[in-house]
Amino acid sequence: MKAYLDLLSHVLNNGTDRSDRTGVGTRSVFGYQMRFNLQEGFPLLTTKKLHLRSIIYELLWFLKGDTNIAWLKEHGVSIWDEWADKDGNLGPVYGYQWRSWPSSDGRYIDQISNLLAMINHNPNSRRLIVTAWNPALIDEMALPPCHCLFQFQVANGKLSCQLYQRSADIFLGVPFNIASYALLTMMIAQVTGLKVGDFIHTLGDAHLYSNHFEQAKQQLSRTPGILPLIRINPKVTDLFSFQFEDFELLNYEAQPHIKAPVAV
């Protein structure tokens, strides 16, 4: 994951110090891109241990169209707790926009199902896009979408994905986002009969919170290891039928976790 460490180093050494919504303060750059060849391994950080369980359950939760944290908490995942209201609701966040985008004529658009249909029937389309950025509903969301738009391309029998992330917490959030969208690409490739290509991660405001500087330096002092592999149950042919048990992480040798506070 040299590409990720290069990002950390670039922001730490070349970023601009700015104030932000949380009051913590950040060092940021505007516009940055990383590329990962998914045939070379699963892009899960080895320079600090990540909680893959949370990544998988969050992705399955998005795909369910759920926007309440109850299901996540049932499975021991707490990454959305800080933003939920007393009933566990988050408003019309990712899952709602992915699966039930409300149209002006009263319909609800299932962007994920539409995406799968287009990949299967018109793989050369340049419209293989899903967006979570709905301006009409931003104010109703507990947190506006950070990873807000992704696009797929099919070429030479391979499926590639590019994510645009408007706001990127590079120490805590970005490693999760890389793994999540890489896994989503692998899942969609499997159910559409394709091989995996690249995951391209394009960042808008790429920032390191001021209380993450020392943790970033600690991580940069570590040498990355060989990427792990992830085995997906080959019997699953429906994207919405995947369960946590359908994923097996292989050969993951990571250095110890590095704690850092979440900016809310």
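The backbone N, Cα and C atoms fix where each Cβ goes, and this holds for glycine too.
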Exercise. Given that Swiss-Prot lists R21, R126, R127, R166, S167, A168, D169, H207, L208, Y209 as binding dUMP, which residue among N13, N156, N177 does it place in the same site?
Worked result: N177
Seminar exercise, completed: Between the C-alpha atoms of R127 (dUMP binding site) and H51 ((6R)-5,10-methylene-5,6,7,8-tetrahydrofolate binding site), the distance in angstrom, to the nearest integer, is 33
Exercise. How long is the line from the C-alpha of Y209 (dUMP binding site) to the C-alpha of H51 ((6R)-5,10-methylene-5,6,7,8-tetrahydrofolate binding site), rounded to the nearest angstrom?
Worked result: 21
Seminar exercise, completed: recorded positions H51, C146, A263 vs R21 (dUMP binding site), shortest C-alpha separation belongs to A263
For this session: Return one of helix, strand or coil for A263 ((6R)-5,10-methylene-5,6,7,8-tetrahydrofolate binding site), based on DSSP.
Result: coil
For this session: Please find, for R21, R126, R127, R166, S167, A168, D169, N177, H207, L208, Y209 as listed binding dUMP, the greatest distance between any two Cα atoms, in Å.
Result: 36
For this session: Look at each of the binding-site residues, R21, H207, and point out the one with the fewest other Cβ atoms around it within 10 Å.
Result: R21
